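The following features are taken from TrEMBL:
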- GLU310: active site, proton acceptor 1 (ACT_SITE)
- HIS431: active site, proton donor 1 (ACT_SITE)
- TYR151, ARG440: chloride binding site (BINDING)
- HIS309, HIS313: Zn(2+) 2 binding site (BINDING)
- HIS309, HIS313: Zn(2+) 1 binding site (BINDING)
- CYS74-CYS86: disulfide bond (DISULFID)
- CYS278-CYS296: disulfide bond (DISULFID)
- CYS456-CYS468: disulfide bond (DISULFID)
- ASN81: N-linked glycosylation site (CARBOHYD)
- ASN81: N-linked glycosylation site (CARBOHYD)
Amino acid sequence: NEAFLALSSYFQRVSEQARVFLENDDVDLSDDERRQLTLMTKVGTAAQTDKDKVELLTRIETNMTTIYSTAKVCYNLTDSNSTDPCLRLEPELTKLMTSRDPDLLASIWKLWRDNSGRKMREQFTEYVRLSNEAVQIAGYADLGAYWRSAYDTPTFEQDIAALWEQVLPLYQHLHSYVRRKLQQAYPNYTFPPGGHIPAHLLGDMWAQTWGNIGDIVNPFKDKELLDTTKEMIRQNYTVMRMFKMAEEFFYSLGFDNMTDTFWRESMFVRPEGREVSCHASAHDLYRKDDFRRVMCTEVNHEYLMIIHHEMGHIHYCMEYADLPFVYTDGANPGRGGKKQCSSLFLFVSLCLCLSLSLHTDLNFLMSMALTDVAFLPFGYLIDQWRWSVFRGDTPADKYNEDWWKLRCKIQGVSPPVQRTEEDFDPGAKFHVPASYSYDRYFVAFVIQFQFYKAACEAANYTGPLHQCDFYNNKAAGDKIRSMLQLGSSKPWPDAMEKITGQRSMDAGPLLEYFQPLLEFLKKENGDDFGWEDSCPEDLPTGGAA
């Protein structure tokens, strides 16, 4: 807390001094100087000058993240070799959510929320009040308005709404196809009549990605994709070998290798004897060559993808490291974020997955859609909910009700058990208690395809977009690096134009990538797709504990 207070005080002083120059008409500033000074005034909740309120907000945020990172579910598994019946999110609960037992899934789903979100509900209300009050001192209407200001685009809300409308038909057809396959897989389970998918059946604690049900929904069962996990285990892969594999991929594009400090100081696996947050993240410590990552890695396909994502984040930090401090962030928060190297360098996995996949295009595209398309409504709705809370449109006594209204309407998923206002299901997702904006992920999952297409064009590839592989192509790497090196020194449309030739976010390349799959889904679904806006009325009161 003392360190945070000192940092807040520093940001306040810098912001005040920057405003002196910006508001002095006698000072002749270049465009670059004006941009740097303007960015210095964007200090967020650090604008709060009341020390007691700063301490209280810091304590609340710390308490909420501690609740999340230390939460356990006590559940006696008869087939478990562990003597401790209390299970952590990673890896135990994450693995359990891949079960095919609906009753077990419903119980674990509910108990995780009982032990995470529900316990922080009252503190979240105070966090909202204090955060809004702090950013209002700096001239923002609320915390959501401050987060959106990072995009330098007054129409940002309308822009991402347009992106969502652009991808909605693809998601609707994927959703309906998956629902029908799940109904076939669980013939004795009663699905909601309005077309929703029960959230606990999608292989993930939050139903945000659906890759773990690939075996249920793959179009061609006799043409399975390469089981990367099984193959890595067969070849005796270690966690460090997975990281070295990611390093080699980026090196093939012309990027530098990771620094000695990265290998020496990063947390690659869960340490023994102490509680830690296992949420994967990449960090720039603003010292020469000091870039690190935090992750509780295991040898499987999902972690291999995450490793490549996170190493991409580190490379973003490394590319803009020589810029002035105020520019050491992404121009578009969908490619960058304060405090972390959150470039969300997702599009490398499009290339990586292609090089790992075998057999049919449709199975490959389905595996990609279960991650990249299934995520889109979840990535979109989290901040739709938070912006409503910050504005005051969603009062504290409607937190959970409005949360599920959005999930049912936008994502087409429903809770497996009855929810009330004693619950706080948004808090069961890391980014809510950690106060990280989430719209950046929705943006990143869309614009990654714009970057991917641009890299393929730089590599002189002319075939179907989903078959492009720019591994070992320095021209593609140079194109990517030219954008990353800008950091936030230019408005994001300028940075995007440098790599894509476009100045706006566009889901067109995403739709082009998945076009063969969409044609297949349309034939499979016919006119049977979509869901009702409202949540199901009759739900079980709880999972079998």
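Glycine is no exception: its Cβ is also placed from the backbone N, Cα and C atoms.
Keep in mind that this is a model prediction, so the values were computed, not measured.
On the structure: features taken from TrEMBL.
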residue: CYS74; record: disulfide bond; DSSP class: strand
residue: CYS86; record: disulfide bond; DSSP class: strand
residue: CYS278; record: disulfide bond; DSSP class: coil
residue: CYS296; record: disulfide bond; DSSP class: coil
residue: HIS309; record: Zn(2+) 2 binding site; DSSP class: helix
residue: HIS431; record: active site, proton donor 1; DSSP class: coil
residue: ARG440; record: chloride binding site; DSSP class: helix
residue: CYS456; record: disulfide bond; DSSP class: helix
Set of same-chain residues at least 6 away whose C-beta sits under 8 angstroms from the residue listed as 'active site, proton donor 1': ILE382, SER437, TYR438
Lowest local Cβ density (other Cβ within 10 Å) among binding-site residues: HIS309, HIS313, ARG440: HIS309
Entry from the disulfide-bonded residues list CYS74, CYS278, CYS296, CYS456 having the most other CB atoms no farther than 10 A: CYS456
Conformational class of TYR151 (chloride binding site) under the three-state DSSP mapping: coil
Cβ neighbours of CYS86 (disulfide bond) where a neighbour is any other Cβ within 10 Å: 13
Proximal residue to HIS309 (Zn(2+) 2 binding site) among disulfide-bonded residues CYS86, CYS296, CYS456 (C-alpha distance): CYS296
Cα-to-Cα gap, CYS456 (disulfide bond) vs HIS313 (Zn(2+) 2 binding site), nearest whole Å: 20
Other C-beta atoms that fall within 10 angstroms of the C-beta of CYS468 (disulfide bond): 20
Surrounding CB atoms that lie within 10 Å of the CB of TYR151 (chloride binding site), all protein chains: 23
